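Annotation comment: Swiss-Prot describes 1-18 as signal peptide, evidence class sequence analysis. Marked as topological domain 'Lumenal' by Swiss-Prot on the basis of sequence analysis: 19-487, 649-1104. What Swiss-Prot lists as disulfide bond is CYS29-CYS151, CYS63-CYS157, CYS109-CYS128, CYS133-CYS138, CYS380-CYS389, CYS452-CYS475, CYS734-CYS769, CYS738-CYS776, CYS764-CYS895, CYS805-CYS814, CYS1045-CYS1050, CYS1084-CYS1088 (among others), and the listing cites similarity to another entry. What Swiss-Prot records for ASN134, ASN235, ASN347, ASN399, ASN927 is N-linked glycosylation site. Residues or ranges marked as topological domain 'Cytoplasmic' in Swiss-Prot: 509-627, 1126-1134. Summarising the annotation, Swiss-Prot assigns zinc finger to 545-565, 570-591.
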Amino acid sequence: MGIWKWLVMASLVWPVLTLRNVYDMKIECPHTVSFGENSVIGYVELPPMPLADTAQLVPESSCSMDNHQSLNTITKYTQVSWRGKADQSQSSQNSFETVSTEVDLKGTCVLKHKMVEESYRSRKSITCYDLSCNSTYCKPTLYMIVPIHACNMMKSCLIALGPYRVQVVYERTYCMTGVLIEGKCFVPDQSVVSIIKHGIFDIASVHIVCFFVAVKGNTYKIFEQVKKSFESTCNDTENKVQGYYICIVGGNSAPIYVPTLDDFRSMEAFTGIFRSPHGEDHDLAGEETATYSIVGPANAKVPHSASSDTLSLIAFSGIPSYSSLSILTSSTEAKHVFSPGLFPKLNHTNCDKGAIPLMWTGMIDVPRYYDGIHPFTVFCVLSGPGASCEAFSEGGIFNITSPMCLVSKQNRFRLTEQQVNFVCQRVDVDIVVYCNGQRKVILTKTLVIGQCIYTITSLFSLLPGVAHSIAVELCVPGFHGWATAALLVTFCFGWVLIPAVTFIILAILKFIANIFHTSNQENRLKSVLRKIKEEFEKTKGSMVCDVCKYECETYKELKAHGVSCPQSQCPYCFTHCEPTEAAFQAHYKVCQVTHRFRDDLKKTVTPQNFTPGCYRTLNLFRYKSRCYIFTMWIFLLVLESILWAASASETPLTPVWNDNAHGVGSIPMHTDLELDFSLTSSSKYTYRRKLTNPLEAQSIDLHIEIEEQTIGVDVHALGHWFDGRLNLKTSFHCYGACTKYEYPWHTAKCHYERDYQYETSWGCNPSDCPGCGTGCTACGLYLDRLKPVGSAYKIITIRYSRRVCVQFGEENLCKIIDMNDCFVSRHVKVCIIGTVSKFSQGDTLLFFGPLEGGGLIFKHWRTSTCQFGDPGDIMSPRDKGFLCPEFPGSFRKKCNFATTPICEYDGNMVSGYKKVMATIDSFQSFNTSTMHFTDERIEWKDPDGMLRDHINILVTKDIDFDNLGENPCKIGLQTSSIEGAWGSGVGFTLTCLVSLTECPTFLTSIKACDKAICYGAESVTLTRGQNTVKVSGKGGHSGSTFKCCHGEDCSPNGLHAAAPHLDKVNGISEIENSKEYDDGAPQCGIKCWFVKSGEWISGIFSGNWIVLIVLCVFLLFSLVLLSILCPVRKHKKS
């Protein structure tokens, strides 16, 4: 066994040398301090250290909160250890012995009666440690319990334990008072009545930490309850220990006292402590696969001075996984046991010589109710090249993501609100934020407008009022802003710029004319090309006669040479010549008619009448004329005003509002009216028309409203999905059957064991084993560190529905229709023909947090014969017990001569949750909004518009106009208030007071308009009396007076909206903003443009006449500058 011990020692020492000695302990805090004596707890597993150094371990804290003094007292432990006998060469039950000694340990988790309660009242912390040891080394586990007030007092502090430094980090969750489980906030409660009152009842698996508190008294005889609960036959002689366990649930709770009969949380913990007494293991990362060597059963004396053995143990060697601190049960006085390298007997089916754990960690199932999910608010301000944003939520933010922002991990809490700051690097696109199940959009266009206004106002800071008034007009994005700038520049500096620009244009035209035309109107470029061609022809010799070598001037002359010279004749006078070059050249010198061809060419040329050219005309243009400048100035002002009015409101992308003029479109009913279109699931649709009789002057109002899609699924709740760590442990002993010993993993919820018993090969036994055919190698697989990660629901049926309302004259009808269903009235038929969806019957919906946050769609979720690593492998259904996965792999025992056998497993070791998270992008996801759910049904609306409905609307032409034409409903309008800004940025919200008389209900639409254009509408069902309607719109200008309108009628008074500025921009909910509105109103025409221009001009100067004065000053300055640069030409008197 000596060589094996040295190998284990090396494997334990090496990680200590390589790891850093500073470790993090995270304590999760809710962001409000609730009533009651709540405490929070955190713990951290530390690397192994030599057993001899544990006697000097004392926790030392630098935290501002004092540590409870009673933990500084020394606790006497009976240390039980084992050693091999010198006279035994082979392993057997008698080859080793136990030794009991008394040791003093300081700072272990020996809690006194009322210590936790006193620490809460005195605002002190409890810092202690547990030990998991073998015969050589110990792994400390440091615990810290603090009152919940510490969450408000501290952010971090440092604790020293031996050679290690632990950084305590207080991390606030988004939960108000509850515990964060599966990404949800829940409140464990012992009262089922209060659970039903507060919300949805559910069962959750929660982590719990328990400490034994020794106290004498008849009410603290813990084994009396053990006998009642587990039908034990133990008597008080064998089990005299008195005390109770004090537990903290979920890392944040009031103390729970175990056992307490009327608290089922307490009884759940009590059951876990005595059925699975070892609790969760203390394995570090990388210790999932380990080996034990069982030495054998042993007895020890506790205390060391006892006359007989009082405690049964099992000696082992290998990696320590479970606590080595326990309490002897056979004494009324608390006898503390420290057993490095030995498992104390914690199973109480046999009553004698047992112990109970000093500390216990595990999972219990408790009922709960959910904390509500609150809506959030987000706004952004311009910061450098990007934007700085803040999100708030009253009840906390459980998730916040943005595809174009860097979401900060630093959270701040203000009273009951949680604040999250994040930075967006780009503002050229709108910022989309997903938070608390909502999708909101920050329109960054307004941020850019604000930056523009700020810059222009800063440049002209001498007149800030004037600069701001002009800046808010210039900074409107798109063509409208450029048109505004052109209009102002033309008005102020047109008298200088018009002649200057004209001069530049004339210079360019004259340059072009000079290039392409001569004074005789001949194309100069063509002339140059012709001369180049002639010179090229001369260069290559084509104008030279082949016989006489004379260079001709015209092609006709060359042709005459080609006829006469071969016949020995002069081509000019036809005289006979010798057929040689010299004779011809001598004759040409004396010939009198060599100019014959040149004279013929001159006769064919006729004189042309020359007219003044383009260049001369451009030179004579009088661009300095005051008449020309005034005419162009007036023309440009009118043209730019029209262009400005036409561009005064941008047309946003569908499916949102399109600006139009006042009124409602009309349709003559010659034939049936049919509409066929597709509609995204997040969009509303409003269709409004005035149907007219083509034969007579009769009409009737039609108003159709289709609300956004509601997705409803009937589900079967599959339960909670867990993540866990799979451990592979080898337990070897040289003698005895495999069933002789109880291994610690037997009490794990999910475990599987394969035994190799009584091996007959020498190669599978170490050298100190007694021989062939003895001993056992037990290969154990078990799951620990179980953590609930999500809730799964299987879709049984799915339904897509929309609410349809129709106002036909005075007839008002509504109905909720499904896919392949229709709304049918006497004149109108609205049908959903089909739906394009990514959901189907049999799919499984998995939520990793609150249902409001959306989830994943699984097409192949395993509900039966689940193997470890499948989706749904570790489940806890509500109507069944804990479901463990199958482990389909096979074991193999690896043997080497004279060494301990090692188990190998060829199956999957990665949990299904970890596999899903590694490939999460391959799964379809969905977002939810307006969530309603029960155990059997879930309903939500899709904020992303990922689904589509095929809608068909049919209105028959057979309408009884005589009986339906008159609508008795009377509507009165009044504008109450306005919020927001004009322009195409964030927009404005107009509050309208609408009164309805003469009929009980009326479905119609209220618009937000100025004198020329309407910028938004809201479809609303009015009831008799006074109604408050809020209408949102985008657009308008500084002169717009926004009014509430119904058809052609508007409220008598209007209100001005604020100018877009550098203020914060709030996010807009996509569900509220996604709507398609079609009322057939005409587009803005020329008359509308002039009305809009007049309203703007009157508005820009209304209340700020200094702007007009400043503009006129600039105009006068330009006139003076014109007179200096372009003086009037003086004409001489005749």
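Backbone N, Cα and C define each Cβ position, glycine as well.
Put simply, of the disulfide-bonded residues CYS63, CYS157, CYS764, CYS1045, the one whose Cα is nearest the Cα of ASN399 (N-linked glycosylation site) is CYS157.
In three-state terms derived from DSSP, CYS738 (disulfide bond) belongs to a helical segment.
Restricting the average to the topological domain 'Cytoplasmic' (1126-1134) gives a pLDDT of 59. The shortest Cα-Cα distance between CYS389 (disulfide bond) and any of the recorded positions CYS63, CYS133, CYS769, ASN927, CYS1088 is the one to ASN927. In the three-state DSSP scheme, CYS805 (disulfide bond) is classed as strand. Of all the disulfide-bonded residues listed here (CYS128, CYS380, CYS734, CYS1088), the one with the fewest other CB atoms within 10 A of its own CB is CYS1088.
Rounded to the nearest whole angstrom, the C-alpha distance between CYS151 (disulfide bond) and CYS157 (disulfide bond) is 12. Comparing CYS157 (disulfide bond) with CYS805 (disulfide bond), their Cα atoms are 62 Å apart once rounded. Every protein chain considered, the tally of other Cβ atoms within 10 Å of the Cβ of ASN399 (N-linked glycosylation site) stands at 17. Spatially, by CA atoms, the recorded positions CYS63, CYS133, CYS814, ASN927, CYS1084 include one closest to CYS734 (disulfide bond), and that is CYS133. Mapped onto three states, the DSSP output places CYS814 (disulfide bond) in strand. Take the Cα of CYS769 (disulfide bond) and measure to each of the recorded positions CYS475, CYS895, ASN927, CYS1088: the nearest one is CYS895. Cβ neighbour count for CYS452 (disulfide bond): 19 (other Cβ atoms within 10 Å of its Cβ, all protein chains included). In this structure the alpha carbons, written CA, of CYS29 (disulfide bond) and CYS63 (disulfide bond) are 17 Å apart.
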